[in-house]
């Protein structure tokens, strides 16, 4: 596991976008070889999306031969609702780049058979050859996608009833009216993300510091689902300084030293000077 600690949330977004761009460009995707990318929603990846849009506009990256799979979607929320993840992705990312809509895969929370929708999503991932890079964020309780505390670490894409804490946290997006927050969602499972060849998890802010501590310094625990990625062979966790407040000083120093000595760290230091 790699932990990359950067000064600010803005720099996390920039670094993440550069990493995604490098992975796609190095892969050299084409009509017979698509790059498959797993994507999150929420405030955490917005900076990354903004930078990827900028890089695309500069001609530094194309998404023509990229297939995407999003992590989750609310149940019974219209696609054109401002809080639906379909709406979020199209308005914050997809409509600004050259991706073919046929290559975008987002779970349909209005499907007549939700279980069949989840099974079909897993099959689409398999048919695409699996996911090269799955990007995620986490909640203050360490959940990834809608795999909340207590979720099986062997879980696949499924229907999930949301916890009361999640409903209360998301009420701010629905006019602070908890009755308007969808009670269920479709979500990829922990094992779905673990199957990706590489996982990059973004953590921003002091309110997620305890979750990062649980993910890095303690053992694997289904009450902190992000901790499962300790066992993935290629996990990158990238965070800002505020997110490290619960980590031991020696832990922070160790990972900062590792980054400075890495090729990525040397390259980024050069870019910033």
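Heads up, the Cβ atoms here are built off N, Cα and C, so glycines get one too.
Here's what Swiss-Prot has on this protein:
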{"type": "ACT_SITE", "residues": "72", "note": "active site, proton acceptor"}
{"type": "ACT_SITE", "residues": "141", "note": "active site, for ring-opening step"}
{"type": "ACT_SITE", "residues": "143", "note": "active site, proton acceptor"}
{"type": "ACT_SITE", "residues": "148", "note": "active site, for ring-opening step"}
Query raised in the report: Cα of residue 141 (active site, for ring-opening step) to Cα of residue 148 (active site, for ring-opening step): how many Å, rounded?
Result: 8
Query raised in the report: In this structure, which of the active-site residues 141, 143 has the fewest other Cβ atoms within 10 Å of its Cβ?
Result: 141
**Report entry** residue 143 (active site, proton acceptor) in three-state DSSP notation
**Finding:** coil
Report task. Report, as a single number, how many Cβ atoms besides its own are within 10 Å of the Cβ of residue 72 (active site, proton acceptor). Result -> 21
**Report entry** Close in space, distant in sequence - residue 148 (active site, for ring-opening step), Cβ under 8 Å, 6 or more apart
**Finding:** 139, 141, 160, 162, 163, 166, 225
Query raised in the report: Rounded to a whole number, how many Å is the Cα of residue 143 (active site, proton acceptor) away from the Cα of residue 72 (active site, proton acceptor)?
Result: 13
Query raised in the report: According to DSSP, which kind of secondary structure is residue 72 (active site, proton acceptor) found in, if we only use helix, strand and coil?
Result: strand
